[in-house]
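Asks: Below, the features straight out of TrEMBL:
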DOMAIN    A:56-180  domain 'TRNA-binding'
DOMAIN    A:438-517  domain 'B5'
BINDING   A:ASP491, A:ASP501, A:GLU504, A:GLU505  Mg(2+) binding site
DOMAIN    A:749-842  domain 'FDX-ACB'
Amino acid sequence: MNVPLSWLKDYIDIDLSLEELARALTMAGLEVDSVKVIGLPLPEGERHEFKYSGLAWDREKVVVAQIDEVMPHPNADRLVLCRLNDGLQEQVVLTGAPNLYDYKGQGPLPRPIKVAYAKEGAQIYDGHQPGQVLTTLKRAKIRGVESYSMVCSEKELGISEEHEGVIFLDDDAPTGMPLADYMGDAVFEISILPNMIRNASVLGVARELAAITGKPLRLPQRRLPADGPSVVGQVSIQIQDPAMNPRFVVGLLRGASARPSPYWVQRRLRLAGMRPINSIVDATNYVMLETGQPLHAFDYDHLRQRAHGQPPTIITRAAHPGEKLTTLDGVERNLDPFTTLVCDTEGALSIAGVMGGLESEVTPQSQTILLEGASWNFINVRRTVASQRLNSEAGYRFSRGIHPALAQEAVQLCLERMAAWSGGQIAADLVDAYPAPVVDPVVELPASEVQRVLGIELSAEEVAGLLRRLEFTCTVQGDIVTAQAPAHRLDIGEGVVGRADLLEEVARLYGYNNIPAVRLSASLPRQRRNPALEGEERLRDALVRAGLREVATYRMTTPEREARALPLGAVQAETPYVRLANPIASDRTVMRRSLLASVLEVVERNSRLRPRLAFFEIGPVFLPNPEAPLPAEPVRLALALSGARHIAAWDRPEAHAMDFFDLKGILEAAFNELHLSDVRFEPTQHPSFHPGKCALVRVGERVAGVAGELHPKVAEHYDFGAAPVLAAELDVAVLLSCIPARYEIQPVPVFPPVLEDIAVVVDEDLPAEKIEAVIRAAGGKLLTDVRLFDIYRGDKLGEGKKSMAYSLTYMAPDRTLTDQEATQIRQKVIRRLDQELGAKLRS
Amino acid sequence: MTDLPILLQNLTSIQEQALAELESVQDEAGLQAWRTAHLGRSSAVMRVFSDLGKLSKEERPQVGQNANQVKLALEGAFNLRSDELRQAALQRSLQNERLDVTLPGRAPTLGSLHPATQNLREIYRVLGDMGFQVYRARDVESDEYNFELLNIPAHHPARDMWDTFHTLTPGVLLRTHTSPGQIHAMREYAPDPVRVILPGMCYRYEQISARSEIQFNQVEMLAIDKGITFGDLKGTLNDFARRLFGDEVRTRLRPSYFPFTEPSAEMDVECFVCGGKGCPICKGSGWLEILGCGMVHPTVLKNGGYDPAVYSGFAAGMGPERIAMLRYRITDIRYFWGNDVRFLEQF
């Protein structure tokens, strides 16, 4: 909502600076986004709380002037010379404004044209350049005639984009007056909160300002200055559903003639963001901006024609199935059955509260104007606005709720303004159908509630005083304030909700920043653990310590993007997804099922940026549940590695590319931190992974997920570097469920260990896991550590054999082991390896 | 029979000669050679000891004593010289072993947490200290929890505040805010008091640009109990802002509107970049808008299972990514889910 300061001042005295006014409005909930200054001086100093823009007019150099005669230019048809009086002297000014051509060569004008005049040296905007480019008026010769000053358009003065012709000021503009004094202004761009639609009008803002500042509000007069025969009998109104259309008021203006509105009206409309059309349409828009009540003007004679010469009947009803209407914007619309229409006996005239129909529109030729002011069910209007995707000033206001009392007031005011600007006779009376009168809610608010919810101690009288400033009607009995909402707002509820509504108003007028801040004194609720979050965070920390970067990706993707993580043949056509009904982009149509696919995209994106890539993400995937409307959202861990094992330095070349065992080491380190025991990697097959380099990760009896080297056929779907990509996707809940509730540590040994290496030759396909298991079982408690340090294959061993070298640590908790004891363990280990695995000691 | 004075004279010259030689020793090898020569088994002074038996009973003590003195003197001198030489060697090596300390260090392979996680954790920590505990809820939500139970009925104009992603399942949508968690938490806790943090990813149907994203984290705090006031809300938020932005930071509340709170407010904090003087970050205003808040609406309390005539509470919500953008001067919100390492490495 754009509110011109000059307009606001019609209803309330304002002695605040622009900054103070903007702050006062903002702190009352009318947030000022920016202030556009029109001709007035911009606030001085560096720091402003608000954004200002605009052009200040030099009081000496930009003034009201009058053109007394328009003369042809001797050398150019498209230019004219004006004999102009700027209040100090008469001069001849050159201009190319097309709206002056008509006056060319008429001799001295009987009614001088009042204009905005910029003298030599004045700073204005260049009218011929797009946007706002400042220029200073200098002396120049144009086609042989000297020019040093200018008659200005709105664009040149920064009022609007209008540059079709120069401004014709109203005739009463005082020649010689500084223009800034005559029509300097400031436009406050205000964000209207959804519950404050009552303030989407100049009067509404003035009303709020009166409540804040305590200054009296000057309401426009509410009496109909009728001077013609009554409207009663000229039109009848039928409301089919009062719940949808609580009130419908019409008035009549006879003998009007559309013409350009007075300049001040046009200027205000433009400043408020609307385009002036003619004095009839402008009056409806002006009064809508003024009061907040949208109005609609019909050509009465046309309606009468449709009614075959009889007084027309206005019918409001729901649209019939299949009914269509072409609206003012020229679009033929298929109407929803819930949409309310304004009709006559012949058919639809307009979409109620949203937009008029093209056919019944007032034209510049219309003479008899039937003016509608109605109120509509706001929920229903919003449904229509949403369904028709039709945004209009009327729809914006009606879809948020306009009090029916405004309908009558606005029709009266508009008839008066329309007559003043278009001529004509206002018919006496209004035809007012008001089948569902609003009962403004009465709410009881004990002062103790103010204390209980807001934490401020106010007497009932003080509470009533604050509410009265907002025009609530209040009575006080003991502790209780009984307040009735004023007849211009619909946002106050009943009962306990109404109480909250009043509390908000009390807080707002008291000033949020005047309410003392206190420290929460309520007792601390019983504290609860959040094991899932704690576990995820521990997992994150463990992976970060292992050198991985956490990423966070979009949770929306497409089935096609996820299919990249599988070889072509493995993609299932009918994978169920949580699908969006209204995706915003073709590459974000479903909720992801695979976290791995997302992390692989991160590897791809960074593949040329760093030699070592190591990423993980922990987050939910979305699996539709055939039994229930809401999907399962299990949390997954995906990780991906590729490239150098460590980062090169100036004296250290880049390391080998990471392989499966880097991935496994990282997982093991993370699992160790979580104290997961009994984690096993078993060979498995998975379409995304290399068949020989893929493991099922099992924790205890549960399968946590899969880890391995990406299948080359999958890798080629991505723009990866040359190095293999290692990846895993694991179920976090499985991992976390295996974290022991508690764990015990081993005492730090006090006796020295005995270290010893053995190497055994075994069959190539014997898994390392089995060898270690046999060694540990044979070694018993005194064998405290087994570490594989070398694998050797060679001719000496023979085909299909490998040598596995282990470093063994023997240690007793209570004594130093003797060589004899160590030898005994060793011999047992060697014997068991031979017996159980056929492993021979390598000599 | 030997001449005692000669013997003693001999010892003196042994000492003098050895000490003179020690003077010219310059390194460890020379030092060891000197020790072998002058204190070793076949050195002059040791020979005096081994020859003591050849002396008369009368001469023996005096020669022995003198020889011992010489030995001690030589050992002392040796230790002194040895120390000197070690010090000199250390000095030399300290002088010679100079690195170019401006050469780059060898980078360890470090991991890092995503900035969004870091932000969330900071907020958890601060609010956790104030007794708020994390309560998480689902991303794909029902219309009922996301809107209706939060006092936003179907077709209500307040719905215009949230551009919503709907799924193909009627009544199922992507949560537009973390507030559905208010109802989940209340229904789980009622009638016990509530003090929770509601974090999570939220979704809005908006064109992705440098300023707006289709998904973003939100963190809400919710406190419900008997006797919680707007003053408590202010106090709690002030403490929160001080912990996050600095002990001296000022805050202010502006009236606002949310269907699920009343009174509702936006909280501004004094710009932590310029201290409120006005700068490009706060666009000259001196204030930064960081969260929305208010007293829980009676309808929401009721829907959560609390009697609004007895219980009251407050809720406040913020966007951690937005706060991070202000703090780290991140100019493009798309960085967060873009996962470019050149962004991630900076946190």
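The backbone N, Cα and C atoms fix where each Cβ goes, glycine too.
A TrEMBL annotation is a machine prediction, not a hand-curated record.
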Asks: Listed in sequence order, which of the binding-site residues A:ASP491, A:ASP501, A:GLU504 sit with a CB under 8 A of chain B?
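Replies: Cβ contacts with B, in sequence order: A:ASP501, A:GLU504.
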Asks: Residue counts in helix (H, G, I), strand (E, B) and coil for the domain 'B5' (A:438-517), per DSSP?
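Replies: Secondary-structure breakdown of the domain 'B5' (A:438-517): 37 helix, 15 strand, 28 coil.
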Asks: To which of the binding-site residues A:ASP491, A:ASP501, A:GLU504 does the lowest count of other Cβ atoms within 10 Å belong?
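Replies: Least crowded of the binding-site residues A:ASP491, A:ASP501, A:GLU504, by Cβ count within 10 Å, is A:ASP491.
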Asks: When the pLDDT values for the domain 'B5' (A:438-517) are averaged, what is the result?
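Replies: A mean pLDDT of 96 is what the model gives the domain 'B5' (A:438-517).
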Asks: Let me check the 10 A CB neighbour count of A:GLU505 (Mg(2+) binding site). How many other CB atoms are there?
Replies: 26
Asks: Under the DSSP assignment, what numbers of helix, strand and coil residues are found in the domain 'FDX-ACB' (A:749-842)?
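Replies: Across the domain 'FDX-ACB' (A:749-842), the residues distribute as 37 helix, 32 strand, 25 coil.
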Asks: Looking only at the domain 'TRNA-binding' (A:56-180), what are its DSSP counts of helix, strand and coil residues?
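Replies: Output for the domain 'TRNA-binding' (A:56-180) reads 12 helix, 46 strand, 67 coil.
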